[in-house]
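Feature annotations, reproduced from TrEMBL:
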DISULFID  Cys182-Cys219  disulfide bond
SIGNAL    1-23  signal peptide
TRANSMEM  228-251  transmembrane segment
Amino acid sequence: MEQDKLLTLVFTFLLLCLTVIDTASDAANKGVYKVRVYSSGVPCIIVQADIYLYLTYQTSDSEKDVVVHVPTSSTADTAVSTCDTYIATAGMSVPAQLLRINLYHMAGWTIDLGFTEDKRFKTEGKEFTLFQVNVTANFSSDPSSFPNAKYPTQSYNLHIDPNNLSDLSGSIYADIGNSYYCPSEQKYAINDDVAYIKFKLTTIQAYMKSASFGPKQVCPSDENTTDLVPIIVGSALAGLIVLTLVVYLIYRTFLPEEVLNLVNPDSHFGSDSGNELSKDDILERF
Ligand SMILES: *[C@@H]1O[C@H](CO)[C@@H](O)[C@H](O)[C@H]1NC(C)=O
Ligand SMILES: *[C@@H]1O[C@H](CO)[C@@H](O)[C@H](O)[C@H]1NC(C)=O
Ligand SMILES: *[C@@H]1O[C@H](CO)[C@@H](O)[C@H](O)[C@H]1NC(C)=O
């Protein structure tokens, strides 16, 4: 039994280690971008995600597709990012919060993420949504990775139409005070056929009032998987306990009775009688 207990402990420990390692590697695999209220330092936007850009750029005679992984050491541009602004777009002036990400060691590469709680974007005044994504790519920054670029820089802007929400705006939103949570990969069009953005390991919250994420609102594609994890772990542990018990009981049935009584002398005969029973007496009684 002692050995089985030990086995259960070791197994549980390994499971815990795996969970910790998994969480730690996730943390290293994504960027963290914060926009803070200038006066108080409290964040209004936190974006945690591993981001990829899928861009098509013009070359002198044709075009070329590239995939750019946003370095996880990229940072929020504190000069441009803001908790309180208006973004002029599609003939509207939209009250917004803006995060600009400067790609690490890639001069002139930026991603602008605009959030709003404006009712024109179907927020019903109680949700925030990511309504605007603009990417600026400086292909001249690295001619070996982006050969033959016709223009030194190209911009890719999400087309905005409140009457026909973009796939992205219709997907990345949450109630004010909550965070949007989506570990799985999600790829969205910025400009159909020429620019896409992919988010992974994502937690996003805008219009924040405190320093840490609110309750998670899980995206549809992760709802089932996140529910499954505790169930799987729980079942595995329960199974292991049952297995341990069964193995122990089988093991016990193979032990001669003398050994059983040696191991656990009190189990069958109360010591309250005070009588020292001889081995023969014991055998007689069964
Ligand atoms: C993104 O691009 C659109 C179209 O050029 C522009 O109207 C809008 O102001 C830009 N948004 C930001 C946050 O710069
Ligand atoms: C684009 O990259 C080139 C080369 O690194 C740099 O000289 C230029 O200033 C960059 N453009 C912008 C807009 O940052
Ligand atoms: C809505 O937008 C999508 C893609 O952005 C487009 O394919 C579709 O035609 C638009 N629908 C309407 C009714 O404008």
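Just so you know, glycine gets a Cβ as well, placed from its N, Cα and C.
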Other C-beta atoms that fall within 10 angstroms of the C-beta of Cys182 (disulfide bond)
23
At a 10 Å cut-off from the C-beta of Cys219 (disulfide bond), count the other C-beta atoms across all protein chains.
20
